[in-house]
Amino acid sequence: MINKNSILFSAYCALLLVTAPFNLASFDTYYYWDWSRHLDLSYYDGSPMIAYLIKLSTLLFGNTLFSLTLVGICVTAATSWIIYRTARQFISIKASYIAMFLWLFSPLVTVDLLQQTTYDTPLCLFWALSVYYVVRYIKTQETRILYCISLSIGLMLLSKYSGIVLVLSLFIFLISTQYRNLFKSFHFYLAVLLAILCFSPVIIWNYQHEWQSFLYQLTVHQHTKDIHPLSSMAYAFFGTLLPLLNFMLVPSLLCKMHITAVTPSRFLQNTKHQIVTLCWVISATFFFFYLLTAAKAELRGGWLTPYLITAALLGGYCYQYLHYRKSAIGLIAVYAVISVLIVLNNGYQHTLIPAKKKIYYRLMQQVNNQLTDIPDKVFTSGWFEARMLFFLKNKPLIYTLDCGSLQNQYALWSENINKQITHKTEREILYIDLINRSQCLSNYFDKCVQLTVQTITTPKDVYSVYAYRCVNDAPLNHHS
């Protein structure tokens with residue numbers, strides 16, 4: 001018998017694969033691609049898992065748009081399967097597919113995981129896997145599952161630091177239910193040790209680099225202006241949380257009312273209700289954590305994607321037990337149409353809605369046509385500007401010079417070659433940037449020739465890319 005749900009899932013994955021070679025990923029993707037060319041225990045901006053996944057893909061398929069997009073497609077498909085398998089632990093096959101499609105077709109998933117490849121990509125995979133094994137433990141009470149949970153959590157933290165929100169959620173669930181008895185288990189502490197061991201590469205890297213990454217993440221998104229916390233939270237709720245999570249907030253609310261309507265002790269007597277409580281605790285903790293975070297920091301839309309995992313599971317539960325069937329199917333249909341349009345609009349050749357990233361893609365093609373010989377090393381001013389250099393035709397190594405832009409990981413990679421420039425042993429370079437850097441470059445080189453500025457004019461703005469060939473006449477003489 002043909003499963004219509006499997007056909008729909010396969011058809012959508014096929015569409016993603018067909019469009020992958022033409023998918024112009026959001027430019028942060030190319031920063032993480034450069035991580036994959038410098039594999040390390042961790043990085044200035046965060047955990048290293050995304051670099052490992054991109055490296056695996058590029059080893060198989062080269063440094064192409066297809067390789068980068070494939071990571072997101074594979075992770076999204078795997079996460080969808082994990083959500084389905086998790087849902088099958090406590091709801092029917094049909095309701096489990098509903099949960100899976102609520103996740104898969106959510107526009108936030110499409111934008112965050114399929115239109116870019118960042119460290120949110122593996123975060124969602126191992127977040128879902130952690131939830132799956134917690135649900136399995138609730139169902140089976142098998143000790144070995146504790147180690148599967150800890151391994152999944154360790155890999156999640158190796159993907160992105162914000163996985164700590166799930167750890168906090170699980171701790172709240174643990175102390176508020178009968179599972180607090182795990183604190184008496186020797187295996188529980190061994191499992192915690194295993195999770196720390198998985199995360200240890202990040203700890204080692206930070207120790208070696210004076211805790212730079214941890215300090216950066218604690219401060220980088222903080223509000224720079226004197227903004228009142230309550231107004232900031234209100235802005236985050238109405239400007240980010242509500243628009244991006246929209247109808248996926250409803251299952252959590254419905255399940256909370258359902259839990260409240262039943263005597264709590266009675267509700268937690270069977271594993272199905274324990275799983276619903278788990279999903280609700282995770283969703284609620286996540287929501288309020290980021291709402292409170294917004295009081296002190298700028299909230300980014302991509303941070304919210306993991307919320308959809310347990311929200312989708314609760315959506316499947318509402319479909320089966322609270323009889324919101326037409327609403328769930330209607331929401332999936334609307335989400336699917338929006339997501340397909342987003343996918344089709346993201347090609348570098350043709351787009352339905354203009355995007356700034358396509359302008360810079362075209363500018364870099366003009367630079368490729370302008371430069372007949374691109375050296376194996378290219379310089380720019382910071383990590384933000386470096387992202388577009390992915391499109392240079394021979395994929396040179398990318399370094400930065402301090403011209404006022406944030407360098408982040410590039411400051412570490414460029415340290416030695418910057419010393420060579422200071423000592424004038426690095427005689428000639430190609431420098432590419434988004435603004436005129438003649439004044440800055442004069443601090444590093446004896447002579448810089450500005451090449452023809454590549455420009456694209458739109459009705460709203462003028463976009464330019466500046467290129468320079470810079471030389472130093474002779475190395476400095478260090479002899480007295």
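Placement of Cβ uses the backbone N, Cα and C atoms for every residue, glycine included.
Among the features that TrEMBL reports, domain 'Glycosyltransferase RgtA/B/C/D-like' is placed at 46-205.
Residues or ranges marked as transmembrane segment in TrEMBL: 50-83 (among others). Remote same-chain partners of the transmembrane segment (50-83), defined as residues 6 or more beyond its termini with a Cβ less than 8 Å from a stretch Cβ, comprise 9, 13, 16-17, 20-25, 29-30, 32-33, 35-40, 43, 99-100, 103-104, 109, 113-119, 121-122, 124-125, 128-129, 132, 159, 309, 312-313, 348, 390, 395.
Sequence annotations record features per position, and here TrEMBL assigns transmembrane segment to 95-113 (among others).
Marked as transmembrane segment by TrEMBL: 145-174 (among others).
According to TrEMBL, the transmembrane segment annotation covers 186-207 (among others). Long-range contacts of the transmembrane segment (186-207) within the same chain, counting only residues at least 6 positions beyond its ends with a Cβ under 8 Å from a Cβ of the stretch, are 40-43, 47-48, 143, 146-147, 149-151, 153-155, 157-158, 213-214.
Per TrEMBL, the feature transmembrane segment maps to 233-254 (among others).
Within its own chain, the transmembrane segment (274-292) is flanked in space by residues 89-90, 131, 134-135, 138-139, 165-166, 168-170, 172-173, 176-177, 233, 236-237, 241, 245, 249, 251-252, 255-256, 258-259, 267-268, 299, 303-304, 306-307, 310-311, 313-314, 317, which lie at least six positions past its ends and keep a Cβ under 8 Å from the stretch. Annotation comment: TrEMBL describes 274-292 (among others) as transmembrane segment.
If you look up TrEMBL, you'll see 304-322 (among others) marked as transmembrane segment. Under 8 Å from some Cβ of the transmembrane segment (304-322) lie the Cβ atoms of residues 79, 83, 86-87, 90-92, 94-96, 98-100, 102-103, 106, 108-109, 112-113, 120, 123-124, 127-128, 131, 162, 165-166, 240-241, 244-245, 248-252, 254-255, 258, 276, 278-280, 282-283, 286-287, 290, 328, all in the same chain and six or more residues away from its ends.
Nonlocal intrachain contacts for the transmembrane segment (328-348), taken as residues 6+ away from its ends with a CB within less than 8 angstroms of a stretch CB, comprise 12, 15-16, 19, 22-25, 65, 98, 101-102, 105-107, 109-111, 114-115, 247, 315, 318-319, 355, 358, 361. Annotated transmembrane segment per TrEMBL: 328-348 (among others), in sequence order.
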Can you give the mean pLDDT for the domain 'Glycosyltransferase RgtA/B/C/D-like' (46-205), rounded to a whole number?
97
